[in-house]
Structure formats: C-alpha cells, structure tokens
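Per Swiss-Prot, the features are:
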- 1-22: compositional bias 'Basic and acidic residues' (COMPBIAS)
- 38-63: compositional bias 'Polar residues' (COMPBIAS)
- 77-87: compositional bias 'Basic and acidic residues' (COMPBIAS)
- 158-173: repeat 'N-repeat 3' (REPEAT)
- 187-207: compositional bias 'Basic and acidic residues' (COMPBIAS)
- 216-586: region 'Middle region' (REGION)
- 530-580: repeat 'M-repeat 6' (REPEAT)
- 730-741: compositional bias 'Basic and acidic residues' (COMPBIAS)
Amino acid sequence: MSTKTSREIALERRKAMSDGGKKAALHSSSTKDRVRSSQDINSTGATSSNKKVLTSPSKSNIPANKIARKSTSSKLSSKELGIERRKAMSTHGKSAINSSDRTRTDVKSDIKVNKVISTEKPQALKDHNNNIKDNQVVKQNIKRRINQKRKPITNTSRDIVLARREAQSKHGKSASKQNTSAASLARRGDPDLSSREISQRVRELRSKTGSTSKQGNGKCRPCGPNKNGSKLNIADASWKVGKSETDSGQTVTGTQANRSLKTTGNEASTCRTVTGTQYMGAEVTGQFCQDKPKYKQPIRASVTTTTSGNKVTGNEVGRSEKVTGDEPGTCKNLTGTEYISANQSKKYCGEVIKKPSKVMQSITTDGLKVSGSLPGRSSLVTGDESGSGKQLTGDQYLGSEPSPKGKSFEKVGSYDTLNGNNVTGTGVGRSDYVTGNEYGSCKNLTGDEYIGSQQYEKFCGSTPKPEARKVGLSLSSKSNLISGTMTGRSKIVTGDEPGSCKVLTGTPYAGLDQINDNCNAEIADDMKSRATVNSGNNSNARLTGLQPGIGGVMTGATKGSCKNLTGTPYIGGDQFLSNCETPPNDASYANQEKSASNSWKEFSVNSPSREKYSAKNTEGVTGNRYEDSSKITGPFDMAEDKVTGTEQFRFEPNKNMTYKQKMKQEESQNIDIPTDKKEPSKITGEGQSAGNITGDDWDRGDKVTGTEGVSARKRNPSRAGFMGAMPPVDNKRNDETEKPDFLITGSSGNTRDGQLVTFSGGARG
C-alpha cells in the first residue's frame with residue numbers, strides 16, 4: 001500500500017525523468033506507487049501532508065496474479081468498481097477491461113470487497129484494516145420492483161429515432177427495413193412485453209392520437225382497378241401553368257383566370273371593357289362574346305426604334321396629339337442619349353437626322369467584327385490625317401470603312417515551297433523594307449526549304465527546280481502506299497534499266513508510277529493483271545486440298561461466302577466465280593493455266609463409285625489428287641510414262657519422242673495458237689507462270705537451261721523408277737542460238753558488246 005501522496009509521487013517521477021529519461025521513470029519507485037488499491041483511498045485521504053507517517057516506503061509491488069481483475073457488478077459498489085477498473089487499466093491497459101456491458105443490474109447483493117494482500121508489516125496492516133472497518137459502510141440489500149411502472153408509448157419522432165438506433169446497433173442496416181408500426185416500436189423498447197401489454201399500449205396510443213399513428217411497413221398502399229375511368233381524362237386535365245395572348249398581342253403565362261364552361265358564377269362582366277391590367281386572354285372574348293371589347297387604356301410598355309436602328313422599350317415619352325405644350329423642340333437635334341423614336345421624328349419633322357452612335361460596329365479586312373468606339377479618321381476632326389494612309393503592323397483596330405490602302409501585315413504568314421508543301425510562321429524571306437538581305441536570295445540552296453516560292457516570283461526572274469524529296473510516296477500494284485527512299489528506276493541513274501519492265505515475284509518495292517513511265521502499255525497491263533488485289537478469301541488462285549469449299553452439298557456454307565474476308569484465303573477463285581454473281585476482283589487467275597489444256601480432273605484417282613459420285617457433286621471438298629489414269633499400278637502409284645507425286649510435277653504424256661519431233665510439235669502448236677494467247681505456265685506452286693524469278697538473279701529463256709524444261713524432266717524426277725520408266729537420252733543441243741537482247745550486269749560488264757552469260761552453260765564470248 002502506498003503511503004505517499006500524489007504530489008510526492010509526481011515529484012519523484014519528474015526527478016527520475018530529468019535524470020534518466022522516460023526509461024528511468026518506468027523503473028522508479030513512484031511508478032510502482034501509482035498502482036493503488038481500494039484501501040489507499042481512506043489512508044491517503046485521511047493523512048494530510050503535514051502529518052506524514054514515518055514508515056519506510058514499500059519497495060515490493062503488489063503481484064499481478066493477486067489483483068482481482070474480474071469483479072462482478074453485483075458485489076461491488078460503483079465507486080469500488082471504478083477504482084478496480086482504473087487500477088487494471090493502469091497495469092495492463094485497455095485489454096484488462098473485460099466487462100461486456102456496463103449497465104447496472106436492478107438487484108444488488110451485499111458488498112464484498114476482495115482482499116488485497118500487502119507486504120507491509122503486520123502492525124501497519126492491522127492499523128489499516130481498522131481504518132477500513134471504521135470507514136466502511138455496509139449496505140443492506142434493497143428490494144426493488146422488477147416490473148417497473150408501465151409507461152405508455154407515444155409515437156413521437158424521439159421514440160422512433162431511439163428505437164431505430166437500438167435496432168441498428170443490434171441488427172445493423174437490415175433493421176432499417178423493419179416495420180415501424182406502434183406494436184413494433186413497443187416491442188423494440190421492451191422485448192420482455194407480452195402480447196397483451198403490447199395491445200394495451202397500441203389501443204392507448206390510438207385513443208389519444210387516432211388513426212394517424214398507423215404506419216405500414218414501407219410498402220405501397222393497395223389499390224385496385226380504376227372503376228371510374230379517371231385515367232382516360234389525364235390528357236384533358238388542366239395545366240398548372242397556362243399560356244394565353246392578350247388583345248395587344250402580348251403573351252401571358254401563369255395560372256389562367258379565364259372563364260370556363262365547368263365553372264358557374266363567372267359569367268358577369270365577361271364581355272365588358274375593363275380598365276387596368278388585362279389578365280384575360282383574347283380567346284375568352286372570342287368564345288363567349290359576340291363583339292370584341294375595345295380597350296382604351298394605352299399600352300404601358302412600347303417598343304420604338306432610334307435613328308441608329310437600336311430598339312428602345314419602356315414608357316413612351318414622345319410628342320402626342322392628346323397632349324398640348326410639347327411641340328417646342330420636337331424637331332431639334334439634341335445631344336445625349338436618344339430616347340425619342342425615329343417614327344415620331346418622321347411623323348412631325350418629315351426627315352430623320354442620323355446621329356453618330358457611341359458604340360459602332362465594323363468589319364476588318366480579314367472579315368472579323370470590331371465593336372466599340374472606332375478611332376478612325378473623320379471629316380469632322382482635323383489633325384488625324386498624318387499616317388492615315390500608311391500600312392501599320394500589329395492588331396487591326398480600325399474598321400473596313402477607314403482602312404488604308406492595302407492589307408495590314410499579318411503576324412503569321414503562309415508560304416508555298418517549291419515542292420508544293422505549305423509553310424506557316426514568321427516569314428524570314430527577302431523584303432522590300434529590309435536592306436542587306438539581297439545576297440543569295442535567288443540561289444538554290446540545299447537542305448530544308450523554309451522560304452516560300454513567292455520570293456522567287458517577286459525578286460527573281462525564274463523559279464529554281466525543286467530538290468528531290470527525301471521521303472517519296474508511291475503506289476504498289478496491290479494498291480498499297482509505299483513511303484520512304486524511292487529505289488525504283490530513275491532517269492538520272494544509269495544501269496538500272498534491265499528488268500525494270502519485267503514481272504517479278506515477291507514483295508513489290510517499285511510502284512505503278514515506275515511501270516507507267518518506263519514501260520509500254522502492253523507490258524504495264526500484263527504486270528497489273530498478274531498482280532491483282534486479293535482481299536481476304538476472294539483470291540483468284542485455285543486452291544486444292546482439304547478446304548471448306550462452297551457450292552457443294554454441305555449446308556450452312558453459303559452464309560457469308562461471297563463477302564470480303566481478311567486473312568488467309570481458303571476459297572479458290574473458280575469456286576468464287578461459280579457461286580457468286582459479282583465477284584469483287586478480276587476473273588483472270590493469278591496462275592495463267594487454262595482449264596482446256598490443263599484440266600484439274602486429270603490429276604485424280606477415281607473409282608467407278610467415285611466417278612458416279614463426282615458426277616453428282618463436282619464442287620465438294622477435295623483431298624489429295626493424283627493423275628487421272630486407269631493404268632496406275634504398284635504400291636507407289638506409278639504408271640506407264642508417268643511419275644506420280646505432288647501436284648508441283650506434271651509431265652507430258654509422250655516422253656519417248658525425240659527432240660526434233662518435240663520441236664516440230666511445239667512449232668505446230670504455236671502456229672495454231674494465236675499470238676495473244678500466252679503459253680501455259682511451266683512453274684506450278686508458289687511461283688508465277690511467267691516473268692523473272694527473284695533470288696539468284698537468273699532469267700528464263702528458250703536458250704537458257706535451268707531447273708525447268710525438258711532437261712529438268714530428265715534430270716530431276718520425283719521418284720526413281722525402274723529402267724523401263726526412264727526415257728532415252730536425247731542428243732545435246734549444239735545448234736547456233738541467237739543472242740538475247742537483254743544485258744546482264746555484274747561481272748560480265750555493262751556494254752552491249754560485252755560478254756553474254758547463261759547460268760547453266762557458263763560464260764560465252
């Protein structure tokens with residue numbers, strides 16, 4: 001038990017903090033003495049500071065396990081409960097508070113104070129126990145009535161708010177959706193009420209306040225069908241704010257006080273002339289009166305026009321025929337604000353003298369409006385002639401009427417370069433008003449062009465040629481824009497003529513403008529037709545294999561089959577032409593192989609049942625097709641004079657013919673075929689049917705050997721067969737051949753008399 005007063009404990013604590021800081025204050029004796037029990041109240045309160053007990057201070061603290069943390073409210077008084085609570089909080093903080101509800105109970109038992117074990121001497125403990133016994137007042141049990149006096153509920157806002165708060169503290173937000181009737185409010189206030197007591201309170205409330213205390217549960221009131229049919233008359237209901245027109249032509253809005261057929265007693269004075277403000281519409285007199293009444297009162301607010309054209313509204317104060325004495329000064333010119341209308345001056349004076357306006361409107365030379373006091377030159381003012389005809393820089397504040405000769409200087413100019421580009425900004429070119437900038441004004445400079453072509457037209461006799469564009473624009477054969485450094489054929493560069501007018505496979509890097517400028521019309525049309533635009537699945541090329549074709553027996557494939565789709569084309573051009581009426585692209589195929597000479601049906605193996613099925617459906621889904629022949633035997637699909645394999649290798653049926661026989665047959669075919677018809681393609685698959693093949697820069701010709709033609713058929717068979725399948729070896733070509741017209745640049749030179757190179761046969765001089 002502490003024997004020090006609170007003042008002594010505070011002084012010791014402050015001294016310890018000044019010497020060692022906050023950590024020293026935690027281990028000081030004053031901190032231990034701050035834990036006080038219920039017995040310290042009487043001892044410290046009875047002993048004054050003048051009469052100190054000369055006892056040694058207790059150095060041992062009360063053990064924490066001996067402190068009664070849990071104390072019931074039924075055994076301690078409110079004062080002792082407060083002391084125990086504060087003592088527990090000073091030792092363990094807020095975690096020592098374990099009481100869930102601080103509401104006191106109605107019945108209290110005898111006060112029993114827990115004994116606090118102290119470590120003081122027995123004599124001091126005995127003295128303190130005597131003091132506690134003398135000062136302790138034993139309270140007897142007081143019997144209270146459990147059933148309190150019933151208080152009638154009154155449906156006031158305070159009771160509703162209290163009940164709502166209590167319900168929300170228990171049930172949360174869901175309590176706001178509960179019923180708010182008188183019975184529910186009574187049950188919330190006292191949950192222990194019986195149904196008989198609740199009904200008594202409700203009847204008592206209704207006897208005082210009537211049926212106004214009845215409240216639903218927030219739902220809509222029940223309503224049945226409208227038997228009277230008032231909903232049909234909603235369109236004919238009267239509007240709260242009406243609109244009518246007076247006899248003078250003005251519009252009046254608001255609550256209509258007009259005569260109505262549904263109202264009796266307002267017939268009197270309907271058709272009479274009434275003085276004052278007219279608040280009845282003209283439609284009333286037209287409906288109920290035979291003769292329209294004449295209103296003799298003048299219009300309070302009139303609208304007149306001044307000599308400058310401005311409108312003036314308000315009380316008209318001009319000259320009148322009904323007023324005498326206002327004739328003097330009618331036709332005189334007055335200074336100041338004009339409040340007399342121009343109509344009055346024209347009526348009595350015969351002419352209207354236009355007066356100058358304070359605020360004027362004008363238009364600049366650029367078409368912008370300027371309003372305000374125009375400080376332009378006037379014939380009535382002398383001394384403003386100086387500089388009136390000169391051209392000024394800056395913002396234009398004069399109108400178009402007093403504008404000087406010429407146009408004012410613009411801050412931001414617009415110029416055109418030699419290439420046709422537009423340049424805006426402050427002009428830095430040559431000017432008549434600046435001297436010293438003549439040098440080099442007519443010379444052609446390299447670099448960015450920031451001077452407009454107007455300077456050359458004004459100061460120089462001729463316009464220089466524009467420089468080559470750094471970034472050019474061209475149009476590819478597939479209608480795509482190509483921008484960047486132009487790598488096509490140029491008139492300034494020599495040696496780029498070969499191959500410029502030939503069809504190349506791969507990505508086009510030269511535009512159509514190069515073809516139109518350097519090639520003839522026939523070659524240009526040929527190159528354009530071979531490089532058709534393929535949009536989506538609308539490709540001109542035939543496709544073989546497992547493909548979702550259109551036009552067959554499969555249902556559901558016709559939807560969207562004739563539309564342009566993006567992505568990889570999976571429908572051939574032949575299917576597109578046969579099923580769609582108007583294909584979006586050219587009907588010519590990319591691979592110039594005619595169906596007459598190379599039929600697609602020649603490359604398939606069909607059984608009799610298959611042929612019968614193909615006669616019924618010729619546009620179905622295709623698969624791996626082989627040569628159409630009934631002589632194919634063996635496990636490797638080999639036949640007489642044929643080599644099977646992929647579709648990229650097609651060979652002539654007669655390979656046992658000699659070279660001369662083949663040449664004669666080709667000449668006879670060339671005579672029969674017209675010149676416009678092009679020979680069938682020798683390259684199938686990914687390559688084009690004619691033209692140059694990019695890559696290692698080799699050209700196709702009649703005198704050049706390579707990976708195609710008769711020699712290729714001998715040297716590169718797809719599969720090695722038996723000896724009977726190989727044709728005999730033909731004699732080598734040793735006849736004199738004509739020299740080609742084209743030149744091949746590189747190691748062979750660049751002149752026409754230079755060496756001619758064939759890729760398979762080596763160099764030839």
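Please read every residue number as a count from 1 along the shown chain.
Backbone N, Cα and C atoms are what each Cβ position is placed from, and that goes for glycine too.
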Overall pLDDT of the region 'Middle region' (216-586), taken as the mean:
72
Counting by DSSP secondary structure, give me helix, strand and coil numbers for the compositional bias 'Basic and acidic residues' (1-22).
16 helix, 0 strand, 6 coil
So, by DSSP, how many helix, strand and coil residues make up the compositional bias 'Basic and acidic residues' (77-87)?
10 helix, 0 strand, 1 coil
